[in-house]
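Asker: I am attaching a structure below and will ask some questions about it afterwards.
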Amino acid sequence: MIGAAMSGRIADLIGRRATMGFSEMFCILGWLAIYLSKVAVWLDVGRFLVGYGMGVLSFVIPVYIAEITPKELRGGFTTVHQLMICLGVSVTYLLGSFIGWRILALIGMIPCVVQMIGLFIVPESPRWLAKVGTWEEFEIALQRLRGECADTSYESSEIKDYTKRLTDLSKGSLVDLIQPRYAKSLFVGVGLMVLQQFGGVNGIAFYASSIFESAGFSSKIGMIAMVVVQIPMTTIGVLLMDKSGRRPLLLISATGTCIGCFLVGLSFSLQVVSLFSGETSYIALTGVLMYTGSFSLGMGGIPWVIMSEIFPIDIKGPAGSLVTVVSWIGSWIISFTFNFLMNWSPAGTFYVFATVCGVTVIFVAKLVPETKGRTLEEIQSSIGYVQL
C-alpha cells in the first residue's frame, strides 16, 4: 500500500520508465534479503521491499502500456499484464511444490533483472514526455513506437494540443482531484476497484483449498481445476478486449461471478439442511470454477485497463495512486476478514459476495464508459475534461 500510494507521484516526477527501474531495484533487493536471510526479521524486510516494489509496479505498468499502445490494441496489450500475473502465480505454485523457498526467491529475481535490462531498450511514454514539455524527445519516442514509416502527425498534434490545454487548467495535485470535472472518472475508477475486491476474489483465491474442503471436495483437484480454468479464460479476455469492448466483457464477467458465488453459497446452504448431500461438493466446485473463469475474463484485468484510460495526464499520477491504494486496501480487508466471515456463515459469506457482484453489473451498465477504439484524448474529452 505504501508503494501504491507513492507510485503516481514518482511516475509523474521521474517518468514511467525510470519508475519501473526504481521499483525493480526494490524487488531485487527484497528477493536477495529473503534468499540470504538467517533470521526471521530479514524475511520480513525482504517481503516489505518486494511488496513496496510491487505496489509501485501495479500502477505504473498498466499506465505505461496504455500510454504507448495504439487505440486498436490498447485494451488487449494492457490486459496481457493480468495474463502474465496469472502465468507467474501458476508457475510459482508449481515450482513451490518441488523446490525450496530460497531457490524460489532466486527465481523471483529473474524477471526483475530481465525487466531492468529491457528498460534500456524501450522508449519513455510519449504522453509523459509531452506533459513535461520535452517535445523533441516526445516526437522521437512516438515515431519509434509507431514505426519509422508511420505518419504520426495527427496523433502527435492531438496529444500536444490536449496536453497543453490540460496543463493550463491543473497542476496535477491531490487538491485538484476534488474538482467537479474529475468526479465521474474518480467515481468509476474507485468504484470498479472497490467492487472488484469486495466481490471476494482474494478470499476465494487465498482460501480456495479450505473452501473445497469445507464443501467436501478434494482441495488438490479443485486447485488444479482453478489453474486450468484461469489461464485460458484470461487469454480469451485478452483476445476479445479490443473486439467486443470493455463494457460487454465486464457485464458478462460480473454476471458470471455473481452466479458462481450464489452456487457456492447454495452448496453450503444445502449442507446445513442435509439436502442433496452427495451433490453439494460438485455444486461448490462448479461455483468456484465459474467465479474464477468469469473473473479472469473481465473483472480481473479490465478495471486496471479503465483506470489507465479515463484519467487525463495532469491528474493521472494522484488519481491512479488513489485507485491503486483502494485496490490494495480492499484486498487486505477481504483477505483479513474472510476466515471470520466463514466462521460466521459460509453460505452467508458467499451470498454477500454474490450481492456485491450483482451491484457490479448495475454499476457497469449505468456508469462505466466504453473506451474501445478511441484514443486516450478522445476518451477523456468525452468524459468532459477538455474538448478536442
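First residue shown is number 1, and so on along the chain.
For all residues, glycine too, the Cβ spot is worked out from N, Cα and C.
So TrEMBL has the following annotated:
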type     : residues : note
DOMAIN   : 1-372    : domain 'Major facilitator superfamily (MFS) profile'
TRANSMEM : 21-43    : transmembrane segment
TRANSMEM : 49-66    : transmembrane segment
TRANSMEM : 78-95    : transmembrane segment
TRANSMEM : 101-122  : transmembrane segment
TRANSMEM : 186-209  : transmembrane segment
TRANSMEM : 221-241  : transmembrane segment
TRANSMEM : 248-270  : transmembrane segment
TRANSMEM : 282-307  : transmembrane segment
TRANSMEM : 319-342  : transmembrane segment
TRANSMEM : 348-368  : transmembrane segment
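Could you place these features in context, so I can see how deep they sit and what lies close by?
Answerer: Residues of the same chain lying 6 or more positions beyond the ends of the transmembrane segment (21-43) and with a Cβ under 8 Å from any Cβ of it are 3, 7, 10, 14, 49-54, 56-57, 60, 101-102, 105-106, 108-109, 112-113, 115-116, 119.
Outside the transmembrane segment (186-209) by six or more residues, the chain places 177, 219-220, 222-223, 226, 254, 257, 261, 288, 291-292, 295, 299-300, 302-303, 306-307, 310-311, 319, 322-324, 326-327, 330-331, 333-335, 337-339, 341-342, 349-350, 353, 356-357, 359-360, 363, 367-369 with a CB less than 8 A from a CB of the stretch.
Away from its own ends, the transmembrane segment (282-307) comes close to residues 62-63, 66, 74-75, 78-79, 81-83, 86, 188-189, 192-193, 196, 199-201, 204, 208, 211-212, 215-217, 222, 225-226, 229-231, 233-234, 236-238, 241, 246, 249-250, 252-257, 259-268, 270, 276, 320, 323-324, 327, 350, 360, 368, 371 of its chain (Cβ-Cβ under 8 Å, at least six residues beyond either end).
Taking Cβ pairs closer than 8 Å, the transmembrane segment (348-368) reaches residues 184, 187-188, 191-192, 195-196, 198-200, 203-204, 246-247, 250-251, 254-255, 257-259, 261-262, 264-265, 268, 287, 299, 306, 338, 341-342 in its own chain, all 6 or more past its ends.
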Asker: If I take every residue in the domain 'Major facilitator superfamily (MFS) profile' (1-372) and average their pLDDT values, what number comes out?
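Answerer: Per the prediction, mean pLDDT sits at 88 for the domain 'Major facilitator superfamily (MFS) profile' (1-372).
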Asker: Quick test of the contact rule: Cβ under 8 Å, at least six residues beyond the ends. What residues does that give for the transmembrane segment (49-66)?
Answerer: 1-8, 10-11, 16-17, 19-20, 22-27, 29-31, 33-34, 74, 77-78, 80-81, 108, 112, 125, 304-305, 307-309, 316, 320-321, 324, 327-328, 376
